[in-house]
Amino acid sequence: MSAHQDVKKVVLAYSGGLDTSVILRWLQKTYNCEVVTFTADLGQGEELEPARKKAEMFGVKEIFVEDLRETFVKDFVFPMFRANTLYEGQYLLGTSIARPLIAQRQIEIAEAVGADAVAHGATGKGNDQVRFELGYYSLKPDVKVIAPWREWDLTSRTKLLAFAEENQIPVTKDKRGEAPFSVDANLLHSSSEGKLLEDPSIGAEEIVFQRTISPEAAPDVATEITIDFVSGDPVAINGVEMTPATLLTRLNELGRDNGIGRLDIVENRFVGMKSRGIYETPGGTILLAAHRSIESITLDREAAHLKDSIMPRYAEIIYNGFWFSPERRMLQALIDTSQHSVTGRVRMRLYKGNVTCVGRESPHSLYDTRVVTFEDDEGAYNQQDAQGFIKLNALRLRLGGQIGRRGGTL
């Protein structure tokens, strides 16, 4: 029996677009199996009912279209932001953080419907194939994974369109021509890559930006907002409590209107190549600045520095697709422990692409005006204590300096 004959039912991560519609029909023809479609609403801003109708058109009997926006923000985005996560110092991981949830629900659906395989539409060049499959294998080690882009001979857009035509797959007019760039989006961000953007020496045209106005076109008057945090997570804007997805949606609107969150980056993919991307993360950019600001008065110095030191590793773990790994869980436990006192309010000023904290307060603030004042501190801090502190810290430097002088190295 061939490997194709072993598969009776497969759960496909299905967007309803050209690529995954071709994959759906290809699975039916190549594997002669039942296909179950799963479409996740992660806030990508697209109408998802057409995906359901298209799946029905292909004879799919079990169709899952789910609104996962709240779960996405609460259980994936917010835990990541507690760490102030940036990959290679810049990227807020908007694509990376969406893949574990999709993989998780695919496996849950596969087990619920008795499927023996899962499939995705990620290409063989990118990171997403790794992220999806590491998620699958973490949650169901014996699952069979079908990655059509690594199997089929549809190696060009011309071949994809020809397959679509042969199999009566509807193709919208805008998909018939070569798209100038590829877009991926969710509630946290949008990314644009490829084709028009492949030359990193050429700046992106304004048409590329999907979610933000240009900073130059932003209002000439700053917008000020307050964000309330409880245990490291944002809970309210301007005093109005909101659900996680609603709050991020509102921050996206504020960031969009003020030209905030644009990034043009060349990053190092896990698979080995460098990739140029245009990212827009308006709400996330505000949230990162706000979270760091409330931490500045609530975290102990050494705890804050330790947290900053592990952040690059934590970011790399998520970027590479190891969300369900023991090392990510270990680091998450440490990060979450640090957030117990990260409660309070910050006031942020949004202006022409910039986010600035202009005020912060917390019932757990470690900032003591009695100690730091330039006026009489009434004995709160004895400046003479600094002499011994400096001498002890200088001891190794003085000893090293003496040896260096004797050896002629100073």
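Backbone N, Cα and C atoms are what each Cβ position is placed from, and that goes for glycine too.
The ATP binding site annotation in Swiss-Prot covers Ala13, Tyr14, Ser15, Gly16, Gly17, Leu18, Asp19, Thr20, Ser21, Ala40, Gly121, and the record cites sequence analysis as its basis. Secondary structure at Ala13 (ATP binding site), as computed by DSSP, is strand.
Packing around Asn127 (L-citrulline binding site) is summarised by its Cβ count: 20 other Cβ atoms lie within 10 angstroms of its Cβ, all protein chains included. What Swiss-Prot lists as L-citrulline binding site is Tyr91, Ser96, Asn127, Arg131, Ser182, Ser191, Glu267, Tyr279, and the listing cites sequence analysis.
The L-aspartate binding site annotation in Swiss-Prot covers Thr123, Asn127, Asp128 and rests on sequence analysis. Around Asp128 (L-aspartate binding site), taking its Cβ as the centre, 20 other Cβ atoms fall within 10 Å, counting all chains.
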By a 10 A CB contact count over all chains shown, which of the binding-site residues listed here is most packed: Tyr91, Tyr279? Tyr279
Long-range Cβ list for Ser15 (ATP binding site), cut-off under 8 Å, min separation 6+ in sequence, same chain only, gives Thr39, Ala51, Gly121
A 10 Å Cα radius around Ser96 (L-citrulline binding site) captures, of the binding-site residues Ala13, Gly17, Asp19, Thr123, exactly none
Count, for each of the binding-site residues Gly17, Gly121, the other C-beta atoms lying within 10 angstroms of its own C-beta, and report the residue with the smallest count. Gly17
